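One structure is given here, and the rest of the page talks about it.
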Amino acid sequence: MTFGDSLPFMRCVAMTQRKRPSSTQSSSQRRHTGNLVAQDEDDDATFTQPSTSQVQRGLEKLTPAQVDQKTAEVVQYFLVKDQKKMPVRRADLVKHVVKDYRNIYPEILKRAARTFDQVFGLKLVEIDPKNKMYILVNNLETPDKASPVRSPSNPKMGLLLAILSVIFMKGGVVRENLIWNTLRKLRVDPGEKHEEFGDVRKMVTDEFVRQRYLEYVRIPHTEPIEHEFRWGQRADAEVSKAKILEFMGELHEQDPKTWTQQYRQAHSLPNSSQASTSSSSQR
């Protein structure tokens with residue numbers, strides 16, 4: 001999707017900044033999701049990070065070819081997950097891929113990170129230290145690199161950036177009704193099946209949330225139940241707030257500095273997710 005293709009989306013989003021203007025998961029779905037998360041946490045709790053000496057002893061019992069093969073399997077697992085922008089949980093990685101090689105897990109992860117960097121131009125980033133969750137982000141930060149804000153890779157990404165822009169310009173958190181109203185202005189009705197996006201509401205509240213682009217949080221003590229949206233951990237790692245603000249300035253024909261709060265946030269210290277490097281992911 002080119003910048004020209006995404007412009008109508010982003011123009012409509014920009015217009016929503018000039019004035020401040022449900023469907024929910026069933027209880028069984030929420031219970032099922034909670035059970036899955038609890039299971040993942042239990043699996044990870046059984047894994048103890050090997051010490052340096054344990055890793056060294058483990059390496060001495062394996063051939064270089066065995067270690068290379070297991071590293072290749074880990075790299076492939078990450079790449080497959082990355083095709084759908086799904087984060088990788090350490091518990092799943094150890095359980096399904098590393099398996100009997102868990103005593104050299106830190107070394108395998110270090111080698112995988114090096115492969116991503118040197119071969120694919122990707123950075124292995126830990127976005128959730130508590131739950132040990134990782135993603136891959138583009139590491140080719142050059143002046144000539146197209147900004148995802150200006151050149152979304154596909155229509156779905158263009159819609160996601162529109163949503164992220166609204167959240168950012170509205171202070172970092174918005175009620176879901178504002179997002180649905182914004183999408184309707186873009187002629188994307190969350191209550192109807194869309195030719196390009198399918199079930200729009202499910203895509204936004206389920207797919208984008210599972211990919212960690214968005215957080216979809218229930219607002220306490222609301223009846224009927226209401227939710228609000230925030231940026232997710234992957235969005236913090238991949239999307240430049242400064243670029244979004246710069247683009248909004250161009251659309252409004254005004255200096256981005258006039259949005260004082262957003263400008264200060266966009267040009268503050270790097271996001272914590274971006275500051276996490278492959279070295280931190282080996283903890």
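Just so it is clear, glycine is given a Cβ too, placed from its N, Cα and C backbone atoms.
All annotation found in TrEMBL is predicted automatically rather than curated by experts.
Residues annotated as compositional bias 'Polar residues' in TrEMBL: 46-56. Sorting each residue of the compositional bias 'Polar residues' (46-56) by its DSSP state yields 5 helix, 0 strand, 6 coil.
TrEMBL lists 268-283 with the feature compositional bias 'Low complexity'.
According to TrEMBL, the domain 'MAGE' annotation covers 67-266.
Here TrEMBL flags 16-56 (among others) as region 'Disordered'.
What TrEMBL records for 256-283 (among others) is region 'Disordered'.
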Across the domain 'MAGE' (67-266) the predicted model averages a pLDDT of 86
